[in-house]
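Pulled from Swiss-Prot:
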- Asp38, Asp280: Ca(2+) 2 binding site (BINDING)
- His92, His272, Asp274: Zn(2+) binding site (BINDING)
- Cys78-Cys87: disulfide bond (DISULFID)
- Cys100-Cys116: disulfide bond (DISULFID)
- Cys193-Cys202: disulfide bond (DISULFID)
- Cys225-Cys271: disulfide bond (DISULFID)
- Cys270-Cys278: disulfide bond (DISULFID)
- Cys303-Cys314: disulfide bond (DISULFID)
- Cys341-Cys386: disulfide bond (DISULFID)
- Cys417-Cys463: disulfide bond (DISULFID)
- Cys462-Cys473: disulfide bond (DISULFID)
- Cys486-Cys502: disulfide bond (DISULFID)
- Cys539-Cys584: disulfide bond (DISULFID)
- Cys583-Cys592: disulfide bond (DISULFID)
- 405-602: domain 'Albumin 3' (DOMAIN)
- Lys559: N6-methyllysine (MOD_RES)
- 1-18: signal peptide (SIGNAL)
Amino acid sequence: MKWVTFLLLLFVSGSAFSRGVFRRDAAHKSEIAHRYKDLGEKYFKGLVLYTFSQYLQKCSYEEHVKLVREVTDFASNCAKDESAENCDKSLHTLFGDKLCSLPNFGEKYAEMADCCAKQEPERNECFLQHKDDNPQLPPFKRAEPDAMCTAFQENAEAFMGHYLHEVARRHPYFYGPELLYLADKYTAVLTECCAADDKGACLTPKLDALKEKALVSAVRQRLKCSSMKKFGERAFKAWAVARMSQTFPNADFAEITKLATDLTKVTQECCHGDLLECADDRAELAKYMCENQASISSKLQACCDKEMLQKSQCLAEVEHDDMPADLPALTADFVEDKDVCKNYAEAKDVFLGTFLYEYSRRHPEYSVSLLLRLAKKYEATLEKCCAEADPHACYGHVFDEFKPLVEEPQNLVKSNCELYEKLGEYGFQNAVLVRYTKKAPQVSTPTLVEAARSLGRVGTHCCALPEKKRLPCVEDYLSAILNRVCLLHEKTPVSEQVTKCCSGSLVERRPCFSALPVDETYVPKEFKAETFTFHANICTLPEKEKQMEKQTALAELVKHKPQATEEQLKKVMGDFAEFLEKCCKQEDKEACFSTEGPKLVAESQKALA
């Protein structure tokens, strides 16, 4: 496309869109009435419960239900008469006033008490800053199948309310509309399985799959919110352009830009705690996409036939459209054109956005992070070359310079999937744990174990996929998990190597972590026998908790001996596994642990000497 024609098209479509999909608030006297009517009472209540649970993570379900009931009754009255008292107040004002009026708020949430002295929007910003990514809450344990089904059948609404509350307060940035979708799926599973002859056999695999989906969704949304907060809307919009260009390669750049702008607004609203607006605008975006399928994708119809929640989620996960068969070589517009520097100088964001769009739609097999790194490399090359006497001679081989950037994640995927296939998930997690403990031994052992277990699941998520889907799956998943590592590390920074990777560009973060060497500045921990002393209770732990106990011991061994070889660690952990198996078979298990434990510790010290 000729550049002048393209700029004109973008200007016209952009101007039209500025009056577009989401510009509706002025027509409503009452924002809360508007959202209540749009969403319906069921979803309105769910989102209000979720909002309060995200902000007040220590409150009980019963306390939140009382707040939800009061807000819903108020919204219902405003829907009947939008000019009624206080109905014209903003949602931030209404919700903030409700939080600050709670009895004993200052005692229970002393760290947030100062927020209530502020005015909007500073008050809401203050509440957001106090969301805790790692709240000190007990692990959420699933009830036995019979007890679960009894509670669900006695009061399905209360049962699902508890589910929303518990997920929300543990994941204060979870994407609100998606949590409602998962709650609906949860309800469907319980309805089906509680009528089955073997409730447990029906429930366990289905609920395990939903839990895994929720955990992955939580870290992915947290990455989006981190990106938005740290680098602003422009960075997120670039992510959205790349992602949507891959999914909708037949849509033109103006359409992709429009969709990316909308998605950025929706994501910003959810990250900002504006869940009612976020859910409402997400539904509006889905409506727009379904009304404009012809200009977006041929794969949308099945999604568009679904009801609101399912429709939006289906569109978010829709398969890639078929790539156009006649796409010209990219070099024509971005390398060979004599006006490359002129076009870049006249409209940098548009020119780079077009490059990202064109490159992304041709490479659905790349991760979004990789595509953004390539765009960053292209931008840096133009910045350098367009200032030189012969720009084309300078940037003429820029596409050749992309090769090492592409090969690095491809090699990462190949080597890690081969290791996963050889070791299985648990063995692969252990390999990752050793690798990252050596890179950042100062990080707390629980954080290292959590990170390694999450990073290790990348094999299960991605390595069985077709080759063309592996790279985007692996790198985008790793980026989300490493973002959580960074968030936890920011609270108590202990490793300069981790700080270096976490403080840089988001798209460079995964390569930075992958390239980290063993931390040679680390002074090994003193060997303490009590760290490796176990008791009979380990024998009755669920398999997951037993694995975590063993992984904790493994991390501590590496911290004691960072230079330990793979063979040394394998020998020690093999002896440890035999020790557990032997003692857990004994009638007097504790006596076995007391007798054999010190021997194991002595042998381990000797093996690592």
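For all residues, glycine too, the Cβ spot is worked out from N, Cα and C.
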Cα of Cys303 (disulfide bond) to Cα of Asp280 (Ca(2+) 2 binding site), in Å and rounded, measures 18
Going by C-beta under 8 A and a gap of 6 or more residues, the same-chain neighbours of His272 (Zn(2+) binding site) are Asn124, Leu128
Cα nearest Cys462 (disulfide bond) among disulfide-bonded residues (Cys87, Cys271, Cys341, Cys583) -> Cys271
Comparing the Cα of Cys417 (disulfide bond) with the Cα atoms of the recorded positions His92, Cys314, Cys583, the shortest distance belongs to Cys314
For the domain 'Albumin 3' (405-602), the averaged pLDDT of the predicted model is 93
The rounded CA-CA distance in Å from Cys486 (disulfide bond) to Asp274 (Zn(2+) binding site) is 25
Asp280 (Ca(2+) 2 binding site) has its Cβ surrounded, within 10 angstroms, by a count of other Cβ atoms equal to 24
Among Cys193, Cys271, Asp274, Cys473, Cys584, i.e. the recorded positions, the one with its Cα nearest that of Cys314 (disulfide bond) is Cys473
Between the C-alpha atoms of Cys592 (disulfide bond) and Cys225 (disulfide bond), the distance in angstrom, to the nearest integer, is 50
Those same-chain residues, other than His92, His272, Asp274, found with Cβ within 8 Å of the centroid of the Zn(2+)-site Cβ atoms are Leu91, Pro121, Asn124, Glu269, Gly273, Glu277
What DSSP gives for Asp274 (Zn(2+) binding site), in three states, is coil
Around the Cβ of Cys303 (disulfide bond), other Cβ atoms within 10 Å, all chains included, total 21
Around the Cβ of Cys78 (disulfide bond), other Cβ atoms within 10 Å, all chains included, total 26
Here the recorded positions are His92, Cys100, Cys271, Cys583, and the Cα closest to that of Cys463 (disulfide bond) is found at Cys271
The answer, for which of the binding-site residues Asp38, Asp274 has its Cβ ringed by the most other Cβ atoms inside 10 Å, is Asp274
